[in-house]
Amino acid sequence: MEPINAIVALMNFVVIPATAYGAQLALGALGVTLVYGILRFSNFAHGDSMAFGAMATILFTWGLQALGISLGPIPTALLALPAGIIVTALFLLGTDRVVYRFYRRQKANPVILVIVSIGVMFIYNGVVRLIVGPGDQFFDDGARFIFTVRDFQAWTGLDEGFGLRTSQAITLITAVIVVAALFWFLNRTRTGKSMRAFSDNEDLALLSGINPERVVAVTWVIVAALATLAGVLYGLDKSFKPFTYFQLLLPIFAAAIVGGLGSPVGAIAGGFVIAFSEVTITYAWKRVLAYAMPDSLEPSNLVQLLSTDYKFAVSFMILVVVLLFRPTGLFKGKSV
Amino acid sequence: MNETLRNTLLFAGVAMMIVLTGVFQSWNSALVILNMGLVSAVMALGVNLQWGFAGLFNVGVMGFVALGGLATVLVSMPPVGEAWAAGGTRILAGLAIGAATITAAILAFGRMAPGRARVLVVLAILVIGFFVYRGVLDPGVEAVERTNAASTGYLGGLGLPVILSWPVGGLIAAGAAWIIGKTALGLRSDYLAIATLGIAEIVIAVLKNEDWLARGVKNVIGLPRPVPYEVDLQRSREFGDIVGGLGLDPVTASGLWVKANYGILFAIVLAIVFVLAQLALHSPWGRMMRAIRDNETAARAMGKDVTRRHLQVFVIGSAVCGLAGAMMTTLDGQLTPASYQPLRFTFLVWVMVIVGGSGSNLGAVLGGFLIWFLWVQVEPLGQLVMSALASPLPEGSALKAHLATSAAHIRLLTMGVVLLLVLRFSPRGLIPEK
């Protein structure tokens, strides 16, 4: 029995990857939940908005790389982020002006807006594939690791080790900053308060003189920023491929619903719930258990509950359980 | 212009486009478009039952279509005796244990009083059941996948006529739909959408990874056909004589004849489904469905069991999608799980229904043909447009090469634009519901 090795292996294979993935999902789910709270529909184009934001940032990154500008050990993509966010915000605002505004004025049934968002998803998907193609794109540069498994082993002399990739550290730091800023904005500023008022009770908000178009525009800008960030961080951590962003839609929606649609705190909690369940259920526990259990009980097979190909099934199962037992989500979203 | 004339003209227009394809491209491609158009029309009818009749938003069409495809393998392929001997019974036993575990958990949940004891018992049943299930199933799966992995490595089917797989495909899809409907119906409409999106991804993941079931990504090829083979036709003297009399080349003629046979079979199925859907729409049941769709609260106040009716129509609509999926796999002659793409199988069908006219069966059929035709023909058109756009650019420039390769993605863009334009300017579709 070597519990310290077990803990270190657990950190390396489960805790760190799941935390980074959870932060990415949480950022995505925040975007979905904001659109749901303010504009009152489930935005199926969100995955492809993330792809668009990531693509815009990648193009700027390539430009910077071509000019020879870099941030040293930190990926150049971070420098390109603001530009990517601005382009994505303009793109989403343009979509709102051309597409969504008409239905908002008509007070269309939310289901119609969902179908409209599917049309938008098609277009975003087509645009992204037209511009960068359907394949994998690589845009991470700088140092890959802050410290590697080997470094860790050398420091501590343990058999196991854990490494921290730059992308994982950046994901966590950025997510914390962004979430803190978002909550400060929603709770402390006048615009943020008007957004929450609008989300809670539209008629009352209108009566007290809140300009709905302004609230909607601010929402889209925030959603664009969140989507771009989530898209870029996911792309840095794994890789950028348009289709994977479409597939992220399911875990992101699951995260938003598990937390309670419309509730920002819920979106963050949901993101981590989904990420940790996905990683723990699809991880082969043999290595950790071998250290954690007495030698006589060492498992002979991989102890993997589900193969990694079924990771979407995990978000789905959690979604089903939440829908059956607590349809409003952990943090009492507004949906019934 | 009266309605009948308008509808006739619309259908004549689509027919005309297919005929023109035959004249200008080849009759072979015209028949290919026609056959898939027939299958698409059946799918669109299924989705129209759910959305048009009842306002249910199903974005998992792909999953039900794929289950239909699975049915063709399970019904029509010959059983693999060695694999059955190696682990067939073990797999069946494993699946039975899995089903028993879930049933036991549900029973325990229903019978016991709420409280901590119930939670613990249900969790214990699920956890123990899961490990027993894996323990029994896994060795069987391994044994089956090891037997002759390159050519079979799966259990095979029942070796029955392939036509039989069409209704079976419908039944399997209906079963899956019942499970989804039980959980997600009765909640917000978006929840059904997300749940169906999820089940579709899971069905595809199962098809890709469970090699013992249908060989996964190794694909099942050479499915039996309900129509003659081209090679046999070319060898047959009778066929040669008839074709020779018409002055046709036997190779081309046999290809056309086979496709026409498929077309006739599909047209029969489409006609049956269409008549049934039409009868349902004009029956008291159809009127009740539309009443529920238009005002759920009022319908509930009139004593209608809204959730139950929704479940019913959701299961029926999904069964029609499964039927269409089985037809499509039969037409392809192979099951290739990697070819199921949500944009192609879910959202394209939605475009068909919306463009055709939600709530109108005739519209769904028209949309099926029209959108399928566009889907096929937009790519060469996109190529033309792209090369026209790129022609002023210098030869060998990066942008020119990029434009040429990206023509394929024009499809997605066109479908999105078509959907948005119809929703905005003609939300009731080409053939509106009466």
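Cβ coordinates come from backbone N, Cα and C, glycine included.
These come from TrEMBL:
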type	residues	note
TRANSMEM	A:6-39	transmembrane segment
TRANSMEM	A:51-71	transmembrane segment
TRANSMEM	A:77-99	transmembrane segment
TRANSMEM	A:111-132	transmembrane segment
TRANSMEM	A:169-186	transmembrane segment
TRANSMEM	A:215-236	transmembrane segment
TRANSMEM	A:305-325	transmembrane segment
Close approaches to the transmembrane segment (A:51-71) from elsewhere in its chain (Cβ under 8 angstroms; 6 or more beyond its ends): 77-81, 83-85, 87-88, 91, 124-125, 127-128, 131-132, 137, 139, 141-142, 224, 227-232, 234-235, 240, 242, 245-246
Contact between the transmembrane segment (A:169-186) and the transmembrane segment (A:6-39) (3 or more Cβ pairs under 8 Å, separation 6+): yes
Long-range environment of the transmembrane segment (A:6-39) - Cβ separation under 8 angstroms, sequence gap at least 6: 46-47, 49-50, 100, 104, 113, 149, 152, 156, 158, 160-164, 167-168, 171-172, 175, 178-179, 182, 195, 198-199, 215-216, 219, 222-223, 226-227, 229-230, 233-234, 237, 248, 251-253, 255-256, 259, 261-264, 266-268, 270-272, 274-276, 278-280, 283, 287-289, 291-292, 333-335
Long-range environment of the transmembrane segment (A:215-236) - Cβ separation under 8 angstroms, sequence gap at least 6: 20, 23-25, 27-28, 30-31, 34-35, 38-39, 46, 49-54, 56-58, 75, 77, 81, 84-85, 88-89, 91-93, 96, 104, 137, 139-140, 167, 170-171, 174-175, 178, 182, 185, 191, 194-195, 198, 205, 245, 248
